[in-house]
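These notes concern the structure reproduced below.
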């Protein structure tokens, strides 16, 4: 008696645990979704990039070689020639745009003084320009340094011999100046001047400058096609900055905790605003955004496993990503987003409305979840979730590695859930997996679950189904038209005629029904005799 009671208690506890696991967590009912092969494989916070901050960065292409002038004149002359081939086309394109942008000023009637109203683009003089180029041209004008600032910057760059230096100008923001080969000159060539011959120093510097020029060409080469609207990522800039991207970002004043997310999402961009072919430097406007976390929004990633109904293989059609906020479930467009362990970073709002039927599906109504037949090669026939293996063992070979036996899936089961109590180590599709304690029921019976409507995602099938639906609509239209004709003909009858017809029908019924009854009785009597 005690043994039977113990078994009952253990069974009750086990079922209670399973019921707890099947309850929805938040808005999405993971328990019911797992019955049709849909599981969540990760959740993360949601962050959106907000308005960018701007700062100027100068790439000083010509290093300070005052102490090496006697040994490097030939190499420097060749290096300058190469730089001009890159810089002059960019300079000409920038000048062509900025010369056709002028200030618009208006005169206030009260104080009779001019005030700035904006900028206007001289389209007639410019000729052909795309919308992106026009927008970039206006932004270029607004971020340009004044001619006086350029002169001051040129003078400061000629005297500095630091690889990275912050230059502050009166009344203006700090400008960061970077030279990619200055550290090499300061730390390797100058200390070894007494040990190396002049020719060898020139050769070493020439090779270093040639390599640096190659990096500059790969960085700014695409800008030769469209210098106005071309954007450069900070990762690409790191090559021209000597590879020390962290030091540069620190000098720029960026200390946000989401730096990794912005870097991975390539949110930091640079645009050329000035090219100087006299002192060989490029001025860039660096835009680096801040991140705003949208509170209470969680992004979930979904994965599906195929399941079998008889000889047919199906899978549930759900989005790859969804987002929850309060009771609301939204679709999530991941095209502009980067996914990291710390959260999801998007360059723009990625949420958009979800249909009520799909929301019902995700909340646990499996009959609202559309399904489609597997065609060709399907990605997932097994998946590991919460330490348990969810597998479609009717389509792939499932084997218990511990005992060497085949794990079979009964025809009335749509999926198999394998845990350590069933088989500690499983071999599925050639992959050996060690599973954990049970988190899901052993299997899901087909007759215990309501499946959703079948749909087709193949283009040919969709077209065929659409054609069939149109044909049925045309048939229904013809039937409606014929019924309208009958109704119109009925309208032509007078009310008196309708009354006569009804009386005749009633009299016919009163006479016909008794006659029919008498005939039936007569036949029954004959059979009885």
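Every residue gets a Cβ built from N, Cα and C, even glycine.
Since we're looking at a predicted model, the values are computed, not measured.
The disulfide bond feature in Swiss-Prot is assigned to 337-346 (among others). For residue 337 (disulfide bond), the number of other Cβ atoms no farther than 10 Å from its own Cβ, over all displayed protein chains, is 21.
Look at Swiss-Prot and you will find 361-369 (among others) tagged as disulfide bond. A C-beta separation below 8 Å, combined with a sequence spacing of at least six in one chain, links residue 369 (disulfide bond) to 33, 36, 38, 316, 317, 318, 361, 451, 452.
DSSP gives residue 398 (disulfide bond) a strand state. Residues or ranges marked as disulfide bond by Swiss-Prot on the basis of similarity to another entry: 393-398 (among others).
Residues annotated as disulfide bond in Swiss-Prot, with similarity to another entry given as evidence: 400-423 (among others). Counted within 10 Å of its Cβ, the other Cβ atoms near residue 400 (disulfide bond) come to 16, all protein chains included.
The signal peptide feature in Swiss-Prot is assigned to 1-26; the stated evidence is sequence analysis.
The average pLDDT the prediction assigns to the topological domain 'Extracellular' (27-490) is 77. For 27-490, the entry in Swiss-Prot reads topological domain 'Extracellular'.
Taken from Swiss-Prot, the feature topological domain 'Cytoplasmic' covers 522-529.
In this view, the densest Cβ surroundings among the disulfide-bonded residues 361, 393, 423 belong to 361, judged by other Cβ atoms lying within 10 Å. Cβ neighbour count for residue 398 (disulfide bond) (all protein chains, 10 Å cutoff from its Cβ): 23. Over all protein chains present, the Cβ of residue 346 (disulfide bond) has 26 other Cβ atoms lying within 10 Å. The Cα atom of residue 400 (disulfide bond) lies nearest to that of 393, taking the disulfide-bonded residues 337, 346, 393 as the candidates.
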